Amino acid sequence: MTAPLKTFDPIIVDVALGERAYDIVIGRGVLASLGQRIAALRPGVRTAIVTDRTVAAHWLKPTEAILAEAGIPSSTIVVEEGEGSKTYAGLEKVSEALIAAKIERNDLVIALGGGVVGDLAGFAAAILRRGVNFVQVPTSLLAQVDSSVGGKTGINSPQGKNLLGAFHQPVLVIADTAVLDTLSPRQFRAGYAEVAKYGLLGDAGFFTWLEANHADIVTGGAAREHAVATSCRAKAAIVARDERETGDRALLNLGHTFGHALEAITGFSDRLFHGEGVAVGMVLAAQFSAELGMLPPDDVTRIERHLAAVGLPTHLQDIAGFAQEGIGDADRLLALMAQDKKVKRGKLTFILMEAIGRAVIAKDVDPARVRDFLQAKLHRRG
């Protein structure tokens, strides 16, 4: 069990969605304020904590104690760690446990974990009794800067990533950066890919800052809070403009069309974490943009060098078991991309780049051009 730190001067980011607006509370030790904040938001509620075994070992007892101190009763549902829980079976397990715990519409589901737990618990909350409120307590860097914000919830299908889900906004997000100290180096690096994404899609100055400060972020220095807060502000602004992804919220999928296909082709396994797939996907998107004459080659080099400096995979050949299970099959990758949520009337849509800090939505991309590009990348490094 890990004891929560006391919080000092948290950063508050508002997700401005009218009656469904909520705060993202960021800082070292902010987990300690969870009970007080829930009591102020929803007096008299009961809660159900959904978490995974790894997170539970560090943070379940402290979280239960924080809730109890505020007079908030809680029950617990523990799932297995990893994408293997984001399935029909995983959803059934969580949903039935919530029903057995008699969680009512006015109660709260608390997602205590990384992106998998947040997506799974949020989707269960969305469909339970046609909508139960939930709180995100993200415990991974990826979840703190991306998946906990914006209301996307869901599970995977054998045919693709996040193909079943709902938009269901949390009522509160508690992003305690001290919790990130318990992540493995690989897990932390995977989340960093989503941080870099915000610089690439809309903030060149932030990307330049990341190039200079990534070591301090990784080691837990003061730069970490700034990186998380800047990322959350960027996402909150986009979500406030386009909650349902009918416009520029799609820009947040930079690297994800390639990345999701790579996750699917590796079986949603530990061979490729989501953030690692995004890292490779962003490099592929940059390279494809350059091939189309949209992005200067020097920008591609900067992107590759920065992600590699953090320790992220940047090429298809960096994926464990690259030569196995059809990873080297351009047609299979293209077929998986055809299941991407951005596909409209069977036409592929990609998020590409015109410069570092300027991403664009490219509609009706020629599949033959994508196939030729992938085929070339599969047979050479770089």
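Even glycines carry a Cβ here, placed using N, Cα and C.
Given the structure is predicted, the values throughout are model-derived calculations rather than measurements.
These come from Swiss-Prot:
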BINDING   81-86, 115-119, 139-140, LYS152, LYS161  NAD(+) binding site
BINDING   GLU194, HIS256, HIS274  Zn(2+) binding site
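Annotated features taken from Swiss-Prot, shown on the structure.
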{"residue": "GLU81", "record": "NAD(+) binding site", "Cβ neighbours (10 Å)": "18"}
{"residue": "GLU83", "record": "NAD(+) binding site", "Cβ neighbours (10 Å)": "22"}
{"residue": "GLY115", "record": "NAD(+) binding site", "Cβ neighbours (10 Å)": "25"}
{"residue": "VAL117", "record": "NAD(+) binding site", "Cβ neighbours (10 Å)": "32"}
{"residue": "ASP119", "record": "NAD(+) binding site", "Cβ neighbours (10 Å)": "27"}
{"residue": "SER140", "record": "NAD(+) binding site", "Cβ neighbours (10 Å)": "29"}
{"residue": "LYS161", "record": "NAD(+) binding site", "Cβ neighbours (10 Å)": "24"}
{"residue": "GLU194", "record": "Zn(2+) binding site", "Cβ neighbours (10 Å)": "28"}
{"residue": "HIS256", "record": "Zn(2+) binding site", "Cβ neighbours (10 Å)": "26"}
{"residue": "HIS274", "record": "Zn(2+) binding site", "Cβ neighbours (10 Å)": "26"}
What same-chain residues, at least 6 away in sequence, bring their CB to under 8 Å of the CB of SER85 (NAD(+) binding site)? ASP52, VAL79, VAL116, VAL117, LEU120
Quick one: of the binding-site residues GLU194, HIS256, HIS274, which has its CA closest to the CA of ASP119 (NAD(+) binding site)? HIS274
Can you give me the Cα-Cα distance between HIS256 (Zn(2+) binding site) and GLU83 (NAD(+) binding site) in Å, rounded to a whole number? 16
For SER140 (NAD(+) binding site), what is the secondary structure by DSSP, using just helix, strand and coil? coil
If I take the alpha carbons of GLY115 (NAD(+) binding site) and HIS274 (Zn(2+) binding site), what is the distance between them in whole Å? 9
Environment of GLU194, HIS256, HIS274, the listed Zn(2+) site - residues of the same chain whose CB lies within 8 A of the CB centroid: LEU142, ASP146, ALA193, LYS197, GLY255, GLY259, GLY275, GLY277, VAL278, GLY281
Between GLU194 (Zn(2+) binding site) and LYS161 (NAD(+) binding site), how far is it from one CA atom to the other, in Å? 17
Quick one: pull the CA-CA distance for HIS274 (Zn(2+) binding site) versus LYS161 (NAD(+) binding site), whole Å only. 10
Simplified to three states, DSSP reports GLU81 (NAD(+) binding site) as coil
